[in-house]
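First up is the structure itself, then whatever we jot down about it.
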Amino acid sequence: MLRLGALRLRGLALRSSQGRPSSAGLREGQESPPSPPEWKDRAETVIIGGGCVGVSLAYHLAKAGMRDVVLLEKSELTAGSTWHAAGLTTYFHPGINLKKIHYDSIKLYERLEEETGQVVGFHQPGSIRLATTPERVDEFKYQMTRTNWHATEQYIIEPEKIHELFPLLNMDKILAGLYNPGDGHIDPYSLTMALATGARKYGVLLKYPAPVTSLKPRPDGTWDVETPQGSVRANRIVNAAGFWAREVGKMIGLDHPLIPVQHQYVVTSTIPEVKALKRELPVLRDLEGSYYLRQERDGLLFGPYESQEKMKLQASWVAHGVPPGFGKELFESDLDRITEHVEAAMEMVPVLKKADIINIVNGPITYSPDILPMVGPHQGVRNYWVAIGFGYGIIHAGGVGKYLSDWILHGEPPFDLIELDPNRYGKWTTTQYTEAKARESYGFNNIVGYPKEERFAGRPTQRVSGLYKILESKCSMGFHAGWEQPHWFYKPGQDTQYRPSFRRTNWFRPVGSEYKQVMQRVGVIDLSPFGKFNIKGQDSTQLLDHLCANVIPKVGFTNISHMLTPRGRVYAELTVSHQSPGEFLLITGSGSELHDLRWIEEAAVRGGYDVEIRNITDELGVLGVAGPYARRVLQKLTSEDLSDDVFKFLQTKSLKISDIPVTAIRISYTGELGWELYHRREDSAALYERIMNAGQEEGIDNFGTYALNALRLEKAFRAWGSEMNCDTNPLEAGLDYFIKLNKPADFTGKQALKQIKAKGLKRRLVCLTLATDDVDPEGNESVWYKGKVIGNTTSGSYSYSIQKSLAFAYVPVELSEVGQQVEVELLGKNYPATIIQEPLVLTEPTRTRLQKDGRKS
């Protein structure tokens, strides 16, 4: 069997040429001589950390024209996680826009050697993900429809083709493969040195060893960065310090939710069957075996991801800090932890049984709770940016460097990547939570990725609503920015288990009942996870007029407004409620809380507005009451007249519901008659109980976010993050009603939007109906017309009113007319779809207005 050879590395302090695949030992990209001992007292940008990501950012900033870029590295370039990485590169990612990051990385790596003259050791033999279960085949089909509208080259291939590409495989269990021809691996050391050469060429000062000893923010937003060599005053700093990132953050009072994880890989000696091949083997990913395997010279390199029970966190570093001298060292190897993966690999690739181990590498990689990196500006600290938490730093480095460079230079992200926003974490993200989630994320590295996936480690956090104890045994909870929120409710005798699937599963019928509950009677939903901000001060109206594309509502009223980027893209959607003269309540989605708050705060500081901005998200609970009997139920509990003529649509009032103070806004994302009731979080349980008791005669019941999604789609309500984000402008998203280009204020994005309108749109958001079987669109599926991909869905659901699937989709303007026939790809099959007149179901305010108009006529 696979056995240890003469060279067995057990916890030695290795130099950069040891404990690595032999390609790194060759030093193909040998570093150029160190930069001269110069120093800069001023810099536009200071980057902290000389790993692959930090050097990539320096390279991209300088190449794009930024002068005075300084990179500070505490020891030497690649120290930390870069030098010992396995160097895998892949076009594949289950996320949508992260595919662009991977694409940009690979395209950079393909041309970098020619540009810099530095060999980078880039191999592109392709890669194959193996499916050995029917569920995995479904996952491949699911990922194909999410990829077909991108530039990525990707195919599902049959076992015969897999064996042709990788003839050393045992084919007994293999059902299919997901094949990316351009995938491969690169030498991380050589790559970093090539980027460093390019960075120097464009004027970057790379200083090492130059450990940062303190960071001091100045009143004007600049920073004093202290090192033993001297101080640099920077307009901005970027923390790209790898597993040292927490230490850097702590210098300014931040505790970044990161934890080092031990990851091992094994390198074998020459294997005769590998040596005899005439071409390099593709990288192999055995997903059920949870390992990757690639050719390393004439042997193989094999890296497993252990289960969360067996994997090892470097928790002592979180508790006590990274050992001061740790840079190019490794941990002691532990083959016992990976025995089951070794056995799985030997079964799948039998030649491994005869191979000798010549290297075992066990080094630290840094995980965030959800395994995705944290990239962008940080809320609450001016001009502090991060590029940290890279579990897959090599494939992300090139693309993230370009992405962050574009954002810094142009004032907005080049495309939407809110899943990487460092502000997705908040004070609720404790060390205990981070450890639990990192363990789960590592152990789940290769599990099947279902839509509507939930992961349960570290839950609940301290951020539970006042209804959690009441509702937890009645529903399936979802996780939203630290909050627990009901997705769907079950009744006695119904299946209550979490059963993820690519098809309709056990939530389908209960959600249909909740839909009918809201449409025919009255329902209650916990909306406490909303982000909530209080803005007041003498310049509050001017600030919001500058930020929002809609007009500012009158006192006592509410509207929907959008904050746009300078290029006219939709940065955020807000509910703006004018509570009293100069005082506003702003509401945003749970996942956008700190993302939106940072944008608002930055605009306030940059414009010198005299305002007070408070994040009151954790102070307020929110209950939504919706349905034809909503008014009847609430009227029993208040002396306030809730009639249509007195409490108008979009009006806001302070009142009492059964002696509990609330701010009531007549609005509902269901599109039905409804109110959102904002109240002290400690009053949530009492308010809920009194509303439920009052509504017994009307048949009141709960509903969750799955039913809410079906209801809002039928009303053609857009959702931020799906129908609109930093990839879309509001005109193509059909938000014209909310965009007031004629308002006096020169709001952010106004001029760009005028140009977009003058040039005309290339695509448009449309509503589709589909006749499917047991599968519904989720969003990001490919839309086909005459054998070509012409667009993509953004979100979808089953419509319980017409018993068909419903979806939003972007299609070319010339194919956007009502009645146009297209196809939507779901799980490998193209289903006929028809563009319909939206909305499918009129909203309650529209129905009421039409009834009144009819009576008048």
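Cβ atoms are placed via backbone N, Cα and C, with glycine included.
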Record-annotated tele-8alpha-FAD histidine (source Swiss-Prot) among candidates HIS60, HIS84, HIS263, HIS546: HIS84
Cβ packing number for TYR678 ((6S)-5,6,7,8-tetrahydrofolate binding site), 10 Å threshold: 25
Listed modified residues (LYS141, LYS312, LYS757), ranked by Cβ neighbours within 10 Å, top entry: LYS141
Secondary structure of LYS310 (N6-succinyllysine) (DSSP, helix/strand/coil): coil
Candidate with sparsest Cβ neighbourhood (10 Å radius) among LYS328, LYS353, LYS516, LYS786, the listed modified residues: LYS786
Three-class DSSP secondary structure - CYS52 (FAD binding site): helix
Which listed residue (PHE390, TYR669, TYR737) has most other Cβ within 10 Å, given these are binding-site residues: PHE390
Pairwise Cα distance maximum in Å, (6S)-5,6,7,8-tetrahydrofolate-binding residues per record: GLU573, LEU574, THR575, TYR669, GLU676, LEU677, TYR678, TYR737: 26
LYS353 (N6-acetyllysine) - helix vs strand vs coil (DSSP): helix
Per DSSP, three-state class assigned to GLY393 (FAD binding site): helix
